[in-house]
Amino acid sequence: MAAEPQPYTTVILDIEGTTTPITFVHDVLFPYVKDHLQGFLADHWEESECVSKVHALREQADKDVAGGLDGAVPILATEGAPAEQVRQSVVDNVRWQMSIDRKIGPLKALQGYMWRSAFESGQIQGAIYDDVVPALDKWTAQGVDIYIYSSGSVEAQKLLFEWSEKGDLLKYFKGHFDTGVGLKIERESYEKIAQTIGRDPATLLFISDNVKEIAAAISANYQVAIAHRPGNAPLPSPAPGGGTVEADFDSITLPDAHDVPVIRSFAEVFTRAAFATSAGQRFKVDDLIHLETMFEELGREDGLRDGVHAGHVEGRVAGTEAGFAMGQEAGFYGGVADTYLKAAEMGLITPSDRGLKALQSLRVQAKEFPRQNYTNPDEGPDPTVALDKLRARFKVVVSALGPDALNLRYKPEDGVRQPMNF
Ligand SMILES: [Mg+2]
């Protein structure tokens with residue numbers, strides 16, 4: 001039996017889907033850039049910050065065009081054409097980059113610059129659910145520390161809360177975390193946060209709409225609650241009235257899914273002093289079968305996405321199909337590593353030290369598999385070389401795991417997952 005959870009001393013909040021509608025970024029922030037770019041450039045064209053942002057965009061555009069990147073839109077030289085035409089080429093370039101959902105430095109810098117100006121001038125206000133400020137007040141009165149953990153940069157988080165529709169909320173927060181501490185679906189990130197703020201994880205309450213994040217926080221022994229807001233991704237069959245999740249997905253990752261509370265309003269948080277933790281609970285073998293499927297699918301999902309990215313966006317070397325296949329294969333190896341490490345952690349398999357080390361290296365290598373085809377080795381590894389290394393590491397894993405890894409191999413032609421022989 002799990003120990004009685006203790007009251008939490010600290011709350012860590014996700015933003016999108018938790019304090020703020022999940023649609024805010026896609027319905028407000030991104031359209032703002034698309035709709036206001038032309039006028040914004042005209043208004044700020046001579047300012048040094050604008051000049052330097054455009055300069056960085058042009059350098060990137062030159063690289064993209066020189067590299068033969070599919071659909072790349074050139075940016076005219078400032079001295080080569082009337083300002084209006086140059087600006088139009090910037091607009092066309094940025095719209096193209098945003099149409100392929102690029103997350104590259106120069107584009108992000110321009111977006112951040114425009115958003116800052118939009119927030120500061122009041123053209124955009126951070127959307128905040130009505131129950132948030134009362135909850136922040138109550139926690140503050142109770143002496144509960146409040147932090148933010150979001151994949152949006154700390155700078156962007158602060159803009160949203162400083163210039164929110166409910167006024168400046170920054171005073172409530174003791175600190176902010178972004179993916180600088182690690183991805184939100186990884187246990188290590190939550191461990192690092194607990195260390196950084198100097199608290200026992202069991203006294204931290206993490207609230208998010210994303211069940212993968214919730215699962216990661218539970219594995220770091222946090223207390224958790226799932227925020228269920230209008231417009232969020234549906235939780236698999238949530239029980240009416242809050243309280244339980246009866247979900248395939250959750251039963252996979254959460255040791256006792258029925259103890260994970262779903263809240264529809266922050267007010268519900270105050271109806272209990274503490275929330276379930278995973279302490280002392282064990283996965284069931286049945287769950288593990290789901291776990292295996294999930295991890296592999298996650299790996300594949302990532303792989304597919306990266307593959308598509310490598311193929312379509314940066315596919316100078318591999319070309320579309322090769323990029324796709326490479327991403328898929330790398331995703332498979334990552335899924336294997338995650339699954340076996342999880343199984344070992346749960347005591348379902350007991351790999352040798354060598355096996356464990358090999359799995360950990362495989363996981364790291366799969367995670368670091370290049371997201372694009374770098375033309376210059378100083379910028380990043382060549383994906384073909386990286387894939388060869390992954391395959392070699394995978395062989396080491398298979399041999400080190402021995403009977404646990406019988407028949408484990410990548411068979412893309414089947415398009416199906418391999419049995420994992422737990
Ligand atoms: Mg979220």
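Cβ coordinates are placed from backbone N, Cα and C, and glycine is handled just like the others.
As given in TrEMBL:
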BINDING   D14, E16, D209  Mg(2+) binding site
BINDING   S150, S151, K184  substrate binding site
Binding-site residues whose CB lies under 6 angstroms from ligand 1, from D14, E16, S150, S151, D209: D14, E16, D209
Extra residues within 8 Å (Cβ to Cβ centroid of S150, S151, K184), substrate: D14, I15, E16, Y149, G152, D178, T179, E213
Distance [Cα-Cα, Å, rounded] between K184 (substrate binding site) and D209 (Mg(2+) binding site): 12
Max CA-CA distance, Å, over listed substrate-binding residues S150, S151, K184: 8
Cα separation, S150 (substrate binding site) to E16 (Mg(2+) binding site) (Å, whole number): 8
Neighbourhood of D209 (Mg(2+) binding site), C-beta criterion under 8 angstroms, separation at least six: D14, E16, G17, T18, I22, I226, A227, H228, R229, N232, A233
